[in-house]
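K.L.:
Below you'll find the structure I mean.
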Amino acid sequence: MDRAFERTKILTDHLLQSSPPSPVQTSLSSNACFNYTPPELSEKYAFDTKEMRRLIDGHHLEVRDRLFGMMSQSKLFNPRVRGGKVFVSPDYNQPMEQQREITLKRIDYLFDRGAFKGWLTEQGEEIELRKFASFEVFGIFDHSMGTMLAVHFFLWGGAVQVFGTKHHHNKWLRDTETHVVKGCFAMSELGHGSNVRGVETVTTYDSNTQEFVITTPCESAQKFWIGGAANHATHAIVFSQLNINGSNQGVHAFIAQIRDADGYLCPNVRIADCGRKIGLNGVDNGRIWFDNVRVPRENLLNSVADVSADGKYLSSINDPDQVHSCLLRFAAFLAPLTIGRVSIATSTVYISKAGLTIAIRYALTRRAFSLKPNEPEVLLLDYPSYQRRLLPLLAKTYAMSFASHYLKKLFVKRTPQSYKTIHIFSSAFKATFTWNNLHILQECREACGGQGLRTENHVGQWKAEFDVQSTFEGDNNILMQQISKALLAEYVAAKKRKKAFKGLGLEHMNKPCPVIPSQLTSTALRSSQFQMKALCLRERDLLNRFAAEISHYQAKGLSKEHAFNMSYQIAEDLGRAFTDRSIFQAFAEAEATLAASSLKDVLGMVRSLYGLICVEDDSFLRYGYLSVENAAAVRSEITKVCGELRPHALALVSSFGIPHAFLSPIAFNWIDANSWSSIQQ
């Protein structure tokens with residue numbers, strides 16, 4: 001109560017501008033009106049922000065800048081003047097139908113200007129990295145636009161590329177690239193989302209007409225959340241169980257036309273709207289029912305399996321066990337489609353960058369409370385509590401940037417042998433980056449106070465727009481459990497073969513177990529060597545614990561699947577441990593490539609902060625890796641590093657290279673942006 005009374009008195013004294021009693025009463029001058037001062041006038045840059053941008057963007061800076069400029073120049077992108085600056089962003093207050101129509105017009109505008117040339121008809125690492133760079137830009141403007149393009153190119157177009165063969169490529173890819181065909185991806189159903197193997201749509205073959213017949217046999221089999229289906233898509237990739245002569249061959253993919261060239265539904269296709277959502281209302285999500293829809297035999301995407309004209313099932317994957325054969329074909333189908341998760345993970349990092357840029361710029365110009373009467377109020381970012389809230393998230397975003405580079409390189413250099421590795425890393429990073437993004441946006445929203453609630457200031461609206469990422473292209477919790485299953489498989493295989501661990505960064509398992517000193521100095525806590533050892537220790541121990549717990553349940557008679565379900569908590573901890581270590585490793589390796597410079601010094605502080613917040617995780621106390629004293633030392637060191645990074649905050653967010661037009665009014669002259677004259681304009 002005494003503490004509460006003291007805090008209340010301090011706040012009351014401040015509000016009343018009263019000072020402690022003194023022998024001589026002095027009159028207080030009235031506060032002068034607040035004036036906006038650009039942070040660039042007082043904040044100094046200790047390194048070249050352009051060089052830092054080249055490092056964290058990694059590739060195709062000129063493509064990004066060209067697309068930013070392309071969108072800034074058109075009235076389709078809703079330019080408006082606020083505080084003497086032009087900003088572009090969607091009007092989220094429009095009715096849902098208007099949002100959808102303007103999204104399509106913006107996409108057509110980009111098509112007309114060649115933004116997607118070669119995306120499906122050219123091959124190679126350069127074109128794939130160009131696509132990733134483009135999606136990172138599109139998402140900053142509007143997640144709906146980015147999602148519609150991802151469905152069209154990565155899901156529909158990617159499925160035709162990967163599941164199809166030459167005649168599919170010749171027939172569909174160029175028309176997709178020029179938007180003559182508008183594709184959607186009909187995988188999820190009302191009754192099955194993450195469990196794709198369980199979809200209930202059924203396809204049979206009619207050898208008399210050489211056609212497949214696609215049927216929605218029950219309400220739970222309706223295709224649900226299909227982006228583009230409600231209004232615009234002309235064709236769909238339909239995932240369905242394939243039944244040949246009474247035998248189920250598992251899930252296969254078919255091309256089905258759902259609308260004609262005039263936009264009318266095709267016969268025996270029913271479509272309903274999914275309705276308004278908490279965000280992403282520029283995407284026309286739809287529900288689809290197929291009432292014995294007939295498609296030509298060649299519309300089966302047959303890179304893995306085919307059906308002959310007379311109805312014989314043919315597969316490039318054969319196994320005496322029919323169930324196992326179906327599973328192998330299914331895995332072959334889905335392995336290349338990790339591009340969706342890669343795209344989500346990498347583009348999400350850019351939203352975190354934009355949110356932090358807005359919040360930190362605002363915190364460098366907004367003041368609140370003075371420490372003494374008649375003194376200027378304090379900048380928000382000069383409060384240690386504000387530094388503690390925002391700067392660790394800035395470090396996390398830098399770490400995600402370097403990890404996303406690793407993931408993109410892994411993907412563009414893929415081989416059939418690397419699909420499993422890509423699946424594991426894309427699942428880990430997609431789940432972690434999207435969770436991190438929601439946390440970052442929430443903290444930025446709160447750090448901006450009431451201004452964070454305004455749609456025009458983005459951070460609050462982006463929370464709703466990007467919330468969906470935690471469940472589409474795989475529920476994050478399920479993805480993290482899949483990672484642990486994969487790690488367990490590596491563990492069992494290594495022990496069974498009595499060979500060293502190789503791949504997935506697990507080589508540290510072959511070395512002696514790291515030991516954390518009983519007392520940790522500031523120098524040790526900040527070193528990349530200590531931080532890596534601590535993260536490896538946690539991952540190593542949790543993998544051993546997980547394997548032991550699964551064995552314990554199996555020894556009691558439980559099946560492997562049941563044992564895994566019983567061990568879900570340690571499985572999730574292991575998934576996070578693997579991901580944290582992988583992200584940190586990517587960051588540390590990038591830092592190690594730099595020559596000595598002021599840029600490397602600052603980046604080293606950012607890496608130190610990221611490593612420290614990883615080690616601050618409560619699992620280090622829960623499993624006993626850190627003593628209570630060492631955990632307190634970690635927490636204290638984080639506060640110190642935040643203070644040291646404070647002078648570099650503006651330079652670090654400026655290095656993201658996001659044009660001012662794609663930020664928001666509170667990132668700049670928020671006083672003029674909210675003035676009466678601004679309203680009159």
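Here, residue 1 is simply the first one shown, and the rest follow in order.
Just so you know, glycine gets a Cβ as well, placed from its N, Cα and C.
Below are the features listed in TrEMBL for this protein:
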| type | residues | note |
| --- | --- | --- |
| ACT_SITE | Glu473 | active site, proton acceptor |
| BINDING | Gly227 | FAD binding site |
| DOMAIN | 184-293 | domain 'Acyl-CoA oxidase/dehydrogenase middle' |
| DOMAIN | 337-488 | domain 'Acyl-CoA oxidase C-alpha1' |
| DOMAIN | 531-663 | domain 'Acyl-CoA oxidase C-terminal' |
K.L.:
How many Å lie between the Cα of the residue listed as 'active site, proton acceptor' and the Cα of Gly227 (FAD binding site)?
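P.N.:
Answer for this pair: 12 Å between alpha carbons.
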K.L.:
Does Gly227 (FAD binding site) have same-chain partners at least 6 apart in sequence with Cβ under 8 Å from its own Cβ, and which are they?
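P.N.:
Listed in sequence order, they are Thr147, Met148, Val151, Cys184, Phe185, Val283, Asp284, Asn285.
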K.L.:
As a test of reading the model: what is the averaged pLDDT for the domain 'Acyl-CoA oxidase C-terminal' (531-663)?
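P.N.:
For the domain 'Acyl-CoA oxidase C-terminal' (531-663), the model's average pLDDT rounds to 97.
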